[in-house]
Amino acid sequence: MFLIFIYFVLTDMASECCLSLTKYFLFLFNLTFFFLGSLLLSMGLWILLSENANLIPPPPYLSVALFSYLLIVSGSVTMSLGFLGCLGSLKTVKCLLATYFILLTVLLAAQIVGAVLFYTQKTELAGSLKDHTLQIIYSVKRNDSSLKSFECTLDYIQKETKCCGWGGKEDWGDSIPCSCYDKGNATYEIKDQKCSTNCTFSNYTYGIYSQGCSENIKKWLDENLLIILVIILAISVVEICGMILSMCQYKEGSVDYNTVLH
């Protein structure tokens, strides 16, 4: 009888110790995400508002403005999840842990669907990207400001990869932007002076990039496809760990929602 009593006592102690470790590990896990999210959000706001934002180069094929918006959105979502996970783990409240689990499940499902579509529907995605790029070009011709942020991204791509339009300079017609001109090859004379203040032409003539941007974008996607999938897989593994920890703690959670306020 004494040995049985000792066995149950040790089992109960081990269970409580395991729950405590799960609780604080989940807290530290989400605290890291909270600080990471705050860092991304702060960096995004700094890039968007600071005059010295050009010191940080954006990733390939992204304008500075779009890069900052992506950082702000990513940081906000990461901070929200981290805060929810921290509060749920400390207070051990089932409603918070369940909400945290559901949000992670939705994110995980979206990532899996996105990865599968990205891998299996590359041709359709390329066609959609072509239509969107041509739509941006037509909006620029009409002086439509609704796609201004994407217009900046397209300008950045054309300038950095030395290309013009989707299939070639013909996509722009007579409204070729500054980002299509090559200073190293003086062939065409610029007749349209509606360029940004960073473009100074004076009496010079400049060449126009003959290659379209479609091949450059497809090449970049092919070269970085494996890296993108590995990143998605790593994020998914982290999310699955968070889901497992939250459900382990959910089983011992309190149903008293007033504990959140104390």
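Even glycines carry a Cβ here, placed using N, Cα and C.
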Per TrEMBL, cysteine bonded by disulfide to C180 (from C163, C164, C195): C164
Other CB atoms within 10 A, centred on C163 (disulfide bond): 22
Alpha-carbon distance [C163 (disulfide bond); C180 (disulfide bond)] in Å: 6
Local Cβ density at C180 (disulfide bond) - other Cβ atoms counted within 10 Å: 23
